[in-house]
Amino acid sequence: IPPDQQRLIFAGKQLEDGRTLADYNIQKESTLHLVLRLRGGMQIFLKTLTGKTITLEVESSDTIDNVKAKIQDKEGIPPDQQRLIFAGKQLEDGRTLADYNIQKESTLHLVLRLRGGMQIFVKTLTGKTITLEVESSDTIDNVKAKIQDKEGIPPDQQRLIFAGKQLEDGRTLADYNIQKESTLHLVLRLRGGMQIFVKTLTGKTITLEVESSDTIDNVKAKIQDKEGIPPDQQRLIFAGKQLEDGRTLADYNIQKESTLHLVLRLRGGMQIFVKTLTGKTITLEVESSDTIDNVKAKIQDKEGI
């Protein structure tokens, strides 16, 4: 076996050519391990968060799993606690070094993953992103406490939003299907939340706890939580005006104890616009099956024509 294809290992360490057996404290009847180096083997470096650099002998064809196993051999860190980063990207276990174009003497970064834990990101309205170490079983209360530890914001002033939904304190991250590296949005709750009322066509009145800064989307999500009505079937009316999703309650001057009206949008309903000769645009809620007579009747209801 040509020397350049031999790698000798003793006590978990690869032996360097210029050193002596005595340097490695190899005594009589010691056992060395011979590993064949495929042509094309190479060295890469791993940098930990503590600043320590580890050198690994690898092949381009090694998978990320293999690399993590080598790190375990050297450092004793279980693979499931290792995250490897290269060129700003987290490396996936089944892929090879070649897949990521990792070449000889490349440097990877090793980040430790807490047991069963994961990282999530929290983005504030100022654009700042906070990184948190969490567990899937953490409640929203726990997450708010972690944010308080990092940022000093009292939990009762925090509102956390994920996938357009405000997260409730007693629920867990798993309940909301929040997974590793998900991004939550943090909105500060101004002291001064308020109650508003939502009246349905059946005459039922729903009470909601809201903030002036809540968007109409948020309000519809709260109605969904209470009543199970999907937001896309809700139309909210205040002072004769249909409220638009991206706007806030403050935009419409909706104050404490205001009453909104909830109209259900039939599945398959749609909005169309009618432009008059004066340039005014009227919005109509219609169904594809509406006749032109129906449409004219709706225009009469709205405009008296």
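Cβ from N, Cα, C; glycine included.
What Swiss-Prot annotates here:
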type: DOMAIN; residues: 1-41; note: domain 'Ubiquitin-like 1'
type: DOMAIN; residues: 42-117; note: domain 'Ubiquitin-like 2'
type: CROSSLNK; residues: Lys89; note: ubiquitin cross-link
type: DOMAIN; residues: 118-193; note: domain 'Ubiquitin-like 3'
type: DOMAIN; residues: 194-269; note: domain 'Ubiquitin-like 4'
type: DOMAIN; residues: 270-305; note: domain 'Ubiquitin-like 5'
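The DSSP breakdown of the domain 'Ubiquitin-like 4' (194-269), given as helix, strand and coil counts, is 18 helix, 29 strand, 29 coil.
As a summary of secondary structure, the domain 'Ubiquitin-like 1' (1-41) carries 6 helix, 12 strand, 23 coil according to DSSP.
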